[in-house]
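Step one of this worksheet: look at the structure below.
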């Protein structure tokens, strides 16, 4: 099936790397083959099953253009478009607070490129924070195997500076200093709600 962006360009999903099912005891993240999105989805399932929070990945709105019906009981989508630009990846409720956040990965070791975000995502997070929502980015430095919660307000500072000709990335050292590191736990690949607790305290 071909899925296209509103500008007509074909969507190509990033290749997934398959990690070894075995990990050494010194590794912080045992499930190395999992993407950040998969890790978050697993964590959110744990949170919901245990009555801790209700957080879901937002569906991406798609407009179907062409469908084939090889059998009466089966339809095959052959062509579709992203109908609108997506906002952030996840939203939900925790301890009476609205959460809205995006998940990003980078293989850079010294900085996080701001090009990973889009203006409509920043605008959406600004609107949510204005209404009292808790917005942030969960950033994974893949090579370092480190994950951080980075507040939207801090992200806005770098985004606005970039718009004025400033640097086009956030230094790793800044994220490590101002963000909240999220170490993996036995049952939770990304126990980010502990970091949210720090924002709420």
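The backbone N, Cα and C atoms fix where each Cβ goes, and this holds for glycine too.
All chains included, 20 other C-beta atoms sit within 10 angstroms of the C-beta of residue 89 (Mg(2+) binding site). Following the DSSP three-state reduction, the secondary structure of residue 89 (Mg(2+) binding site) is coil. Marked as Mg(2+) binding site by Swiss-Prot on the basis of sequence analysis: 87, 89, 102, 121.
According to Swiss-Prot, the site 'Transition state stabilizer' annotation covers 104, on the basis of sequence analysis. The number of other Cβ atoms within 10 Å of the Cβ belonging to residue 104 (site 'Transition state stabilizer'), over all protein chains shown, comes to 16.
Taking only the Cα positions, the spacing between residue 104 (site 'Transition state stabilizer') and residue 121 (Mg(2+) binding site) is 12 angstrom.
All protein chains shown were included, and the count of other CB atoms within 10 Å of the CB of residue 121 (Mg(2+) binding site) stands at 19. Under the three-state DSSP scheme, residue 102 (Mg(2+) binding site) falls in the strand class. Shown in sequence order, 58, 120, 121, 124 are the residues of the chain, 6+ apart in sequence, with a C-beta less than 8 angstroms from the C-beta of residue 87 (Mg(2+) binding site). A 10 Å cutoff on Cβ-Cβ distances gives residue 102 (Mg(2+) binding site) a total of 24 other Cβ atoms nearby, all chains included. Annotated Mg(2+) site 87, 89, 102, 121; additional same-chain residues within 8 Å of its Cβ mean position, judged by their own Cβ, are 58, 86, 88, 90, 100, 101, 124, 125.
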